[in-house]
Amino acid sequence: MMRLDSQEADAPLFGDDDDDSPTATRQKKSEIKHPLATFFHLFFRTSAILVYLLCEILSSSFIVCMVTIILLLSCDFWTVKNVSGRLMVGLRWWNQVDEDGQSHWVFESRPATSRKVPTNSESQIFWLGLVVCPVLWVIFVFSTLFSFKFKWLAVVIMGVALQWANLYGYVRCKVGGKTNLRSMATNYLGSQFFKRAMAKQGP
């Protein structure tokens, strides 16, 4: 049996900064505080895409290119899931099994009262990389099918699976672990339809 949990992280996961002065707060919002995490957040996923696009130029061996892409995708999945999400935006998700054998999906976010606020620059870089790259892998799936390059199908499907898993996990962290995303989307579409209907009935 699987159960979804949403938790607010405590001090061991997200420690607060000691300096909460206005100047320090402004610096936190504008500067990149974790350059190494920011670099590797983009490095592995962009490298996997570049190797896929340039594989015929870089190497004539399909096996070498495939293994390289899979290794880059695996490193990216681990880095984004365990490092960059926690440091750059204060989010983390994972699965754990309790003593009864029940599987729990845990989605954590830094408490709103925390003084350790993610910077705007890091947040924008994190979400941009998290959203754009999975979309590209979906495009690669269709291009592989339409060009009949079926030998690449397993590679691009793995890219979709690993990167969309991280995207889904962090979206759940962002909106709340117990929030039903389907209901959320339905409510949004309903509200947009209602606004348009009211606008048409206006004078």
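Cβ coordinates come from backbone N, Cα and C, glycine included.
Automatic, uncurated: that is what TrEMBL annotation is.
Annotation source TrEMBL lists region 'Disordered' at 1-29.
Feature annotation from TrEMBL assigns transmembrane segment to 60-80 (among others). Long-range contacts of the transmembrane segment (60-80) within the same chain, counting only residues at least 6 positions beyond its ends with a Cβ under 8 Å from a Cβ of the stretch, are 40-41, 44-45, 47-48, 51-52, 130, 151, 155, 158-159, 162-163, 165-166.
Sequence-remote contacts of a segment are chain residues at least 6 beyond its ends whose Cβ falls under 8 Å from one of its Cβ atoms, and for the transmembrane segment (125-146) they are 32, 38, 41-42, 45-46, 49, 52, 80, 84-85, 88-89, 152-153, 156-157, 159-160, 163-164, 166-167, 170. Residues or ranges marked as transmembrane segment by TrEMBL: 125-146 (among others).
Here TrEMBL flags 152-171 (among others) as transmembrane segment.
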